[in-house]
Amino acid sequence: MLERATRTIKTAGLLLAAYFVLNIVLRIVLPHSLELDEAEQSFFSQYLLAGYGPQPPFYNWMQYAVVSVTGISIGALIVPKNILLFLSYLFYGLAGRRVLKDEALAAVGMLALITLPQVSYMAQQDLTHTTALLFASSLFLYGFFRTLDRPDMASYLLLGLATGIGLISKYNFALMPVVALIAILPDAEWRRRALDWRMLAAITVALVIVLPHAVWLQGNLAFASSDTLVKMAAGSEPAGAVRIGKGLLAFLVAIIAFAALPVVIFAATFRRDFVRALSAGNRWTGMMERMMLASLAGIALIVLFTGSTTVRERWLDPFLLVLPIYFLAKMQAAGLDLSAGLRRFRPVLPVLMACVLIALGFRVVGAGLIGTYSRPNVPMAGFAREMTRQAEPALVIASDTYIGGNMRLQFPDVPVVIPDFPAPGIPAYAEAKGPVLIVWRGKKTATAADAVMPERFSSALTAAGIALQEIGSLSLPYYFGRQGDNFALGYAWVRPETR
């Protein structure tokens, strides 16, 4: 059965489609309290802007388009994400077919993406912008490999489309076309692909996609880069050898964490064939090696020049995504009979799928057993119900996008704002035609007394001339939580007649 499912990209795609449908069903069955990125998308989907903050806007634009048609719901947040992930696998398989020239092997390579934890588990858990990056990276690999294999206008346009989408998905994607160019320089035939006049069409497509955000970025560069720089520079070490050493060590650990599972699985299933293939190669494996080495060298230089002490595995997504195709191409180049290894490898794939689904479910329903709570465990529906027993809000002012996005899901017909977004201050307050509900978050495991308003939020309300009345706080038990483990929210009402 598994052999039939991996015979072609189409049959493997059907297996993947069923898997992603199960992921959608699982998330809909779990509590509808949102993860951090889900909440951000819920909140930002009220606006169509050229830029939203530290992350590029591709996913926000896609989410805005979906919500504009369907309205806000858990399905409107989850289904598009799973479609993007499905397309990531599909384009990866199509890229693999260009390299491997064997559709059955390409189908296995497509499914082998699930051996990368950053793709299979972390992207499902949250990470909306990383999901967009995975999609763009797979599309880029397909466009790039297709252009190298059999160039035509469609392949160049696809390459430009992928580059444009990638650049407005995650800023680290900017390294991808650079390392791709470096990787083909030693090959005279492939070098001509980069000098082909059709490359101008690819560049034009990419520029058209990027231009609106690039114009916004020009005036908001500090704002857009602040979050990334803070994450990269986290650490208390002064500048110098110790800081550089810590950064390079973090980089090495990230590489190992990213690549360890696929290396172990391929080595365990293909055994000696995997080891023997390490010394084999062809022009495709050489090109992929140069891509990976150039990208890792680029990241190492960034670590050195910025003094970064933090490198996260997901930052390596576009650069090491090619690993499963690379491993299969190496073994194919060695001229080995892979049938025995493939028989051992195929059963691993549904096992990993099941493990991902179980882990995603257990982290929520088993939270009380392990004592660590995820954001879906927070009883947002209960908070919304308790806060609005006496009145329905005409406007919700939230302390941050996490609270704002959850409130938007609970009150889909009510505008939700946070201070200083999308305009300075809270201009929506003056325009509200009814009661205004103000909400802020307390501590994770808390009593109602712990729902103290953040000082920054308090200052923003004061600056906007908002005087709070009817201040309250709530502490409700987590979904699937231990007795006594609560989450706290603070809230206040401002009535029209008292403003």
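For all residues, glycine too, the Cβ spot is worked out from N, Cα and C.
What Swiss-Prot annotates here:
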TRANSMEM  11-31  transmembrane segment
TRANSMEM  74-94  transmembrane segment
TRANSMEM  103-123  transmembrane segment
TRANSMEM  125-145  transmembrane segment
TRANSMEM  165-185  transmembrane segment
TRANSMEM  199-219  transmembrane segment
TRANSMEM  248-268  transmembrane segment
TRANSMEM  291-311  transmembrane segment
TRANSMEM  316-336  transmembrane segment
TRANSMEM  351-371  transmembrane segment
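For the transmembrane segment (165-185), same-chain residues at least 6 beyond its ends with a Cβ under 8 Å from one of its own Cβ atoms are 55-59, 129-130, 132-133, 135-137, 139-140, 144, 148, 191, 193-194, 206, 209-210, 213, 224-225, 228, 287-288, 290-291, 294-295, 298-299, 315, 318-319. Among 125-145, 248-268, 291-311, 125-145 has the largest number of CB pairs under 8 A with the transmembrane segment (74-94). At the 8 Å Cβ cutoff, the transmembrane segment (103-123) and the transmembrane segment (291-311) share fewer than 3 close pairs (sequence separation 6 or more) and do not count as touching.
Contact between the transmembrane segment (351-371) and the transmembrane segment (248-268) is not supported: fewer than 3 Cβ pairs lie under 8 Å, counting only residues 6 or more apart in sequence. Through the fold, the transmembrane segment (125-145) approaches residues 35-38, 40-41, 55-56, 58-59, 62-63, 81, 84-85, 87-92, 94-95, 98-99, 118-119, 155-156, 158-163, 165-166, 169-170, 172-173, 176-177, 180, 314, 317-318, 321-322, 325, 360, 363 of its own chain, all at least 6 residues removed from its boundaries and within a Cβ separation under 8 Å. Note: the stretches the transmembrane segment (248-268) and the transmembrane segment (199-219) are not in contact (fewer than 3 CB pairs below 8 A, sequence gap of 6 or more). Sequence-distant contacts of the transmembrane segment (199-219) (same chain, at least 6 residues past either end, Cβ-Cβ under 8 Å): 49-51, 56-57, 153, 156-157, 159-161, 163-165, 167-168, 193.
Nonlocal intrachain contacts for the transmembrane segment (316-336), taken as residues 6+ away from its ends with a CB within less than 8 angstroms of a stretch CB, comprise 92, 95-96, 99-100, 102, 105, 108-109, 112-113, 115-116, 118-119, 130, 133-134, 136-138, 140-141, 166, 170, 172-173, 175-176, 179, 254-255, 258-259, 262, 266, 270, 273-274, 276-282, 284-285, 288-289, 291-292, 295-296, 299.
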